[in-house]
Amino acid sequence: MVAMTDDKDTASLIDDFVAAHAAAGDEELARGLVNEAGQLAARMRSAGVATDFKTSVSDVVTDADRAAEAFVAGVLDALRPDDGVLGEEGAARPSRTGRTWVIDPVDGTYNFTSGSDYWCSALALVEGSPSAPDRLLFGAVHRPVPGYTWFGGPEIPTTVNGQALPRLADAPAGQLSIGTYLHPSWMNDPAVRSSWRNTARSFATVRMFGAGSVDLAGVAAGQLGAWTQHTVADWDWLPGKALVEGVGGVARKVKAGGVVWSVAGNPEVVAQTAELLTAGALDAS
């Protein structure tokens, strides 16, 4: 298939998808949306995309981000018109059902524009406010390369390409890796720097890859021991949080150093990480 180039192409793709998924339940719809949005973005990247900068040279948005989000939002307009929508690139619709689809059709855009395959299409479905949901129903994450789709939630065992993932076993920080994203400018903040340094030095090693939903899928799969990042947007947190909770892990928020950190992993390491972040902030005061 050729890359999408205009609104007419996007509308045609939406129409075809809606026709094929008119009777789909929420779970089937979610898997289909992240898969198709990811494939759309991948095709557009192959054809060449225009890039704009938001807050910094590393905070970017492309035509593929916008087209993929327009596709997902358009499908939800047709198939779930009473549900709310919240997207990174501006898609927004208030909910009349109490449910909201939180969408990020290209997570890891800097990687995406750099030619890396470490990016994904992600979404979550929640009841209540996305910033403090009454219930997180599920998350779905699709990586076009290598072709993996994760799906799960607090009440839905997490799978990858339909295969169940094992439950996360307790293990301490010293035996595990930790993933994060920490913009270099934040190292000028003494409290944030102290919180992070106190935490990072307690782990076996540190990894920074630049796509939160992929990182959290890796935590759910046991490929990354734990994950933490501060000031995380709902669309970067909720899809992966659902996956981690679907394998018996914990995903919670901790206030330390004047910011709110999102932390995910097995129950033992999350409790330990929360203590390390808090203690590090106190050391800086």
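The backbone N, Cα and C atoms fix where each Cβ goes, glycine too.
Automatic prediction, not curation, is the source of TrEMBL annotations.
Worth saying up front: this structure is predicted, and the values here are computed from it rather than measured.
TrEMBL annotates Asp104, Asp107, Asp236 as Mg(2+)-binding residues; of Glu88, Glu89, Glu245, the candidate listed for that same site is Glu88. Close to Asp107 (Mg(2+) binding site) in the fold, though at least 6 residues off in sequence, lie Glu88, Trp119, Cys120, Ser121, Ala122, Ala211, Gly212, Ser213, Val214, Trp235, Asp236, each with a CB less than 8 Å from its CB. In the three-state DSSP scheme, Asp236 (Mg(2+) binding site) falls into the helix class. Counting every protein chain shown, the Cβ of Glu88 (Mg(2+) binding site) has 20 other Cβ atoms within 10 Å. In sequence order, Ile103, Val106, Ala122, Gly212, Ser213, Ala233, Trp235, Pro239 are the same-chain residues whose CB sits within 8 A of the CB centroid of Glu88, Asp104, Asp107, Asp236, the residues recorded for Mg(2+) being left out.
Among the listed binding-site residues, namely Asp104, Asp236, the Cβ with the most fellow Cβ atoms inside 10 Å is that of Asp104. According to DSSP, Glu88 (Mg(2+) binding site) is assigned to coil rather than to any helix or strand.
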